[in-house]
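Visitor: My structure is below; once you've seen it, I'll send some questions.
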Amino acid sequence: ISFSVNSPPVFTTLPVQFALVGEMLSLQIEALDPDNRPVTYSLANTDAQGYVFTPDGQLNITMTTSDSKTFKFVATDECNASDTTTVTVKAMECPCQHGGTCHPHPYHPRVSGQYECAFPAGFNGSRCESDIDDCQSSLCVNRTCIDGINNGTCRCHVGYKGALCDEKERICGEDTCYPGVKCREIPDGVLCRSCPDGLIGDGKTCIGTKAKLNGVYIDI
């Protein structure tokens with residue numbers, strides 16, 4: 001009569017796994033038995049709380065903080081041969097910026113720490129880090145475009161009005177020129193006088209880029 005020596009199971013689960021803070025991680029612990037014997041799993045110890053672990057090797061845990069959690073598992077075959085492994089679950093914050101949300105990466109396992117970002121409106125880039133220049137597609141004419149979040153605002157040049165700055169101004173109004181700047185009607189439309197002392201611009205838009213030094217305004 002010949003006897004074969006029973007070999008213990010061998011864990012195949014990677015020792016480091018990743019999960020987002022607030023994400024419920026469902027991890028299948030796996031071990032292969034060289035003799036194809038049934039394997040059961042047990043948890044020897046852990047510093048985690050609020051987890052669920054079943055004898056078939058299923059671990060469910062929600063990472064509520066950024067602290068890593070460590071689990072020591074035992075795989076045992078029907079002949080009581082066993083193997084042990086330690087698995088660390090590392091918590092990570094979603095790297096997406098500007099309100100973007102993390103989604104599982106289509107080409108990487110969920111526990112790999114690789115995620116794709118779903119872009120909020122007005123942003124792009126691998127981490128939603130880039131504000132899209134909405135002025136590139138603006139329909140405004142005769143204007144300076146101010147890029148915002150998911151929009152571009154038209155600031156009309158002197159003599160133009162309307163949402164797209166495509167209407168000629170013929171009569172001076174209260175907001176035709178910068179406050180305090182005189183407006184003059186001319187045959188082709190309107191004209192704004194110079195900006196107040198200390199400000200520069202076209203008379204409609206004036207900004208403070210000058211300072212007064214010894215009675216003289218200088219660029220700053």
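Using the three backbone atoms N, Cα and C, a Cβ is placed for every residue, glycine included.
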Visitor: Of the listed cysteines Cys156, Cys172, which one does TrEMBL record as disulfide-linked to Cys165?
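Guide: That would be Cys156, the partner TrEMBL lists for Cys165.
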Visitor: Which of Cys117, Cys128, Cys145 is the other half of the disulfide bond that TrEMBL records for Cys135?
Guide: Cys145
Visitor: To the nearest whole angstrom, state the Cα distance for the pair Cys135 (disulfide bond) and Cys165 (disulfide bond).
Guide: 14
Visitor: Determine, from DSSP, whether Cys165 (disulfide bond) sits in helix, strand or coil.
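Guide: SS state of Cys165 (disulfide bond) = coil.
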Visitor: What is the interatomic distance between the Cα atoms of Cys156 (disulfide bond) and Cys145 (disulfide bond), given in whole Å?
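Guide: So the Cα of Cys145 (disulfide bond) lies 8 Å away from that of Cys156 (disulfide bond).
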